Amino acid sequence: MSWALNKVILSPYEASVFRRETLPTCDDVTVEIGFGNGEFLLDMASRNERGFCFGIEVSMTSILKAARKCLMRRLPNVRLLCGDGSFLLREFFLPESVGRVYVNFPCPWPKKRHAKRRLVTPGFVCNLAHALKVKGAFELASDERWYIEDARTCLLENPAFEVGDVLVGESSSFRTKYEEKWISMGKSIYRLKVTKHVPFGVEPVVDWEVTALNVKAKRPDVWEASRLSCLCGLTGGEERFRWTFKDLFLGSQETALLQAITVDDGFEQKFYIRLVPCEGEVLIKLDDASSIYRTPAVKRSFAALAEEIERL
């Protein structure tokens with residue numbers, strides 16, 4: 001079954017192909033962010049065979065489990081993405097193309113110092129408004145009333161939305177594992193339903209047209225891969241788009257592998273850059289084992305690396 005998982009799980013490269021070739025033909029698009037064990041998402045897909053259901057998760061373990069369930073149930077209309085839900089709403093989905101977005105029982109991060117980790121922030125609300133169609137809907141469920149109220153306040157600040165009142169005890173078409181758990185403990189369930197009523201857009205940053213990340217730098221007169229260790233810990237970029245170089249691994253024939261971490265609007269990616277000395281130049285390319293989105297921070301990290309190599 002493992003070979004078939006790629007039919008369900010979209011890597012960054014497969015996401016670019018799907019976005020270009022298939023997504024424009026999808027009229028009925030539903031998204032669940034933080035789908036957990038996938039039961040809610042797969043139930044939606046089974047009841048809406050003509051639509052496409054997308055799940056976004058940060059846990060690869062959850063993604064693999066949901067993908068296997070999807071294959072066993074023979075659901076051809078499910079695709080899974082690994083990453084930050086807010087970022088992928090803005091970047092992967094075409095503007096104003098999503099009909100519904102669901103978030104069921106996200107971690108509320110109750111401590112004030114962790115507030116920036118909460119899903120529903122002003123940035124998320126803008127990305128949500130960008131992805132949803134006019135008359136599209138967002139539904140949020142939680143067992144914490146303060147969290148729902150906090151999210152409602154945030155959504156009310158965006159003029160694209162009509163925000164409903166907090167609903168208490170209203171049942172959903174499918175109860176998730178956490179909903180069953182909280183109800184069994186006697187806790188109340190709170191829901192918030194929001195509708196987009198005017199157009200709204202933001203500027204995406206991923207370059208979906210770039211197929212290869214290959215940069216060439218002038219080769220220093222004396223090339224010793226071990227000298228690249230001075231790059232470890234180097235950081236650069238700006239507030240929205242940051243990059244840093246971490247560990248260096250030396251290979252045969254003076255090649256090297258450099259670990260990089262980039263952050264674009266809070267979206268973090270870790271990958272490896274391969275450096276291959278050639279006659280008169282050094283080829284800087286994405287390692288074959290790394291699959292990433294071509295963001296501004298990624299492209300700037302390659303350009304910065306080329307500049308640093310030419311200074312050696």
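The backbone N, Cα and C atoms fix where each Cβ goes, glycine too.
Here TrEMBL has Glu57, Asp84 binding S-adenosyl-L-methionine, and the candidate from Glu32, Glu39, Glu96 in that same listed site is Glu32. Counting every protein chain shown, the Cβ of Tyr178 (substrate binding site) has 18 other Cβ atoms within 10 Å. Here the CA atom of Glu32 (S-adenosyl-L-methionine binding site) lies 18 Å from the CA atom of Asp143 (substrate binding site). The distance from the Cα of Lys177 (substrate binding site) to the Cα of Glu32 (S-adenosyl-L-methionine binding site) comes to 15 Å. Within 8 Å of the Cβ centroid of the S-adenosyl-L-methionine site, not counting the listed residues Glu32, Glu57, Asp84, the chain contributes Ile33, Gly34, Phe35, Gly55, Ile56, Val58, Leu81, Cys82, Gly83, Gly85, Leu88.
Applying an 8 A CB threshold to same-chain residues 6+ apart, the list for Glu57 (S-adenosyl-L-methionine binding site) reads Gly34, Phe35, Gly36, Ile63, Ala66, Leu80, Leu81, Cys82.
Under the three-state DSSP scheme, Lys111 (substrate binding site) falls in the coil class.
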